[in-house]
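Enquirer: Pasting a structure below so you can have a look.
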Amino acid sequence: MTQLASAVWPPTLLLLLLFWVPGCVPLRGPSSVTGTVGESLNVTCQYEERFKMNKKYWCRGSLVLLCKDIVRTGGSEEARNGRVSIRDDRDNLTFTVTLQNLTLEDAGTYMCAVDIPLIDHSFKVELSVVPGNIPVSSPGTTRETTVVPTSFSTKGPTQGSIPEGHHEHYEPQGLSLPVLLSVLALLLLLLVGTSLLAWRMFQKRSVKADKHPEMSQNLRQAEEQSESQYVNLQLHTLPLREEPVPPSQVEVEYSTLALPQEELHYTSVVFDSQRQNSHANGDPPCQSPDQKTEYSEIRKPREGLSDPHP
C-alpha cells in the first residue's frame, strides 16, 4: 500500500500543477455574467483543438462531480433542453450556451465543461439576473458574451452590443476550488488508509514477537554470532606397508586339574624301640637284609560299605 500511495502522488501533483500554471488551462470563459429578466443571454467559451470531438455540456453547481446537467451535446453539434440550448462551433473551437427568457431563479453558479475520461475539464460561471425595470439594454435585443483569449482566435459580438459603463470580466479557469478540495481530500484519505494498514501490520509483527520471546532472542544471538570462524587442520598420513603383518599367535597351554576322589592319609610306623635307643646313642642304624620295609595304607571306609577285614 505504501508503494501504491507513492506511485499515485506524483501524477496527481503534476495534474494539479498543470491546472494552476497559467497558459495550461484547457478551457477559457467568463467568470461572471449578468442578464435581465425576460431576456436571453449567451455564454461563449473556447476550448483547445484536442477537445474538438469531445462532448460539451452546461450544468448547474459548483462541483463538477456533483454538477446537474442541463444540456449536453450528443451526436450533433447543437442540442436543446427547454429554455437552454448549446451549440458547438468546431471550426472556431468554441461552444455557446443560450439561456432564453431569464428569471430570477436562474441566478446561481454554473459550469461550462468538456467531457473527458477521469475528471472533466470545466470552469465556473457566476450568473446574475437583474429585474427588468433596470435598463441594461434596449428592449428586444439579445446580448452575447464572448471570449477574447490571447492564445486563441478572437470572436466579436454578433448580436446586440454591450451598453456603456457595463463590463464583463473574463478569467481563465481550470478546475474549481471544490473540485481541487475533493481531490485533495481523496488523496488524504488514501494516505491515512495506507498509514493505518502499515500500523496494523507493525502491530501484528510485534504480537508475534511477544509470543515467542525465546525464538526472537535466539535469532538475535544467531545474528550476533554470525561471524565466520576458520580453523586450519593438518592431517598426518601413515606410510603404507608393503605387506600386511599377520597378528602374532600366542601359544596357549592348557592343563586339567582333577580333585582326588579319596583323601590320602600317611602314617609312619616304628617297629622296635631298641633301634630308637641306638639312634639316640649315636650308633648308625643297621638293617638286616632279611628285614623288609612294609608300607600300609589306611583308607577311610566309605559310607554304606562294610569293612572287608573285620
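Cβ atoms are placed via backbone N, Cα and C, with glycine included.
Fair warning: this is a prediction, and the values are worked out from it, not measured in the lab.
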Enquirer: Tell me which of Cys112, Cys286 Swiss-Prot records as disulfide-bonded to Cys45.
Expert: Cys112
Enquirer: Take the topological domain 'Extracellular' (27-178) and average the pLDDT across it for me.
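Expert: That stretch averages a pLDDT of 75.
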